[in-house]
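Down below is the structure, laid out as structure tokens.
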Amino acid sequence: MKAKIIGVGSCVPSRVVTNNDLAKSVDTSDEWIKTRTGICERRISDEDTSTSDLALGACKKALAAAKFPAENLDLIVVGTTSPDTLFPSVSCILQYKLGATKAAAFDVSAACSGFNFALTIGSSFIENKTYKNVLVVGADTLTKYLDWTDRGTCVLFGDGAGAVVLTASENEAGILASWLKAEGSLGYHLIMPGGGSRDPEQKHGRFIRMDGKEVFKFAVRALEESIVGSLKLANLKIEDVDLFIPHQANIRIVNYTIKKMGLSKEKVYVNLHKYGNTSAASIPLALDEALADGKIKKGDIIVLSGFGAGLTCGANVIKWGG
Ligand code: COA
């Protein structure tokens, strides 16, 4: 039994903020951001829009693309580290708003690796025959946790959501392999110190703190390790892959991986110039755009690989369609 993706959807806020817009309020420039990250603009949600609002938009589109009624879902898993509230979870809000009355629902906290973790969990429930139909979501609004005076972080992130509908399938298409990893010893390099039980009053701040250089080093190692690890589990080689969709954090991380692993640039999908790093949304958002761009056809082998706070990383190998 495999878990097959039968519908994909995404949603981003309408407000576009360019590098030049940021340069009006922080000591940076379009030139610096483009050269060091590849990002040109990002979407930023307004005060009244929370993570579940973007997630709901993505889920409705994914369910419509799959022509699948929400009331038949067995499970909703959401990868997010910017939930509307500590509880209830974003997945429970979605369960209610979608009318997915039969579905169990929970969130997974793996930051930018959240979608890979959620997809692995969702597909495992199908493979072990616990559930047949699962909605998997990656959604974040990290711009709400940015220190707009810290130029080392505020230029990197954007908001968004992406979702896929999984169903049980006995043919050869579906999730072929999943590979996940955590390196908790490195967690202090990327941290949201305030707001948790260690600091509920946010005395240590409510903003993301990051050692960019250390995270960069982990990211290039993690991308390679997760691609190699997941392909090994799927019994496939790099040459068998038709499309790589890496976490969209920084074009230099992507290019470094392309060079180091000898990947063909044409086989690596990139849309980070438009959205920046949308955390758990980045991979399903790129998957949705790659499909719309006609980059994916039936029978293609696709690798989704990501990394993030924790530190965490993971990859999923998919045989498309069928
Ligand atoms: N605009 C202009 N200058 C900036 C800047 C900005 N937005 N951010 C940093 N700088 C400056 C620094 O202050 C430093 O100046 P100095 O030499 O006078 O001290 C200089 O640019 C170089 O900074 P540095 O931090 O060495 O740059 P970098 O090449 O490492 O790039 C990142 C910084 C954050 C873009 C890069 O480290 C990165 O992308 N890391 C990974 C982050 C990531 O992906 N996080 C999410 C993981 S899911």
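A Cβ is built for glycine as well, from the same backbone N, Cα and C atoms used for every other residue.
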Annotated stretch (region 'ACP-binding', per TrEMBL) among the listed ranges 38-42, 138-142, 143-147, 248-252: 248-252
Local backbone state of His247 (active site), from DSSP in three classes: coil
Distance from His247 (active site) back to Asn277 (active site), taken between C-alpha atoms, in Å: 8
Neighbour count (Cβ, 10 Å) for Asn277 (active site): 24
Rounded inter-Cα distance in Å - His247 (active site), Cys112 (active site): 8
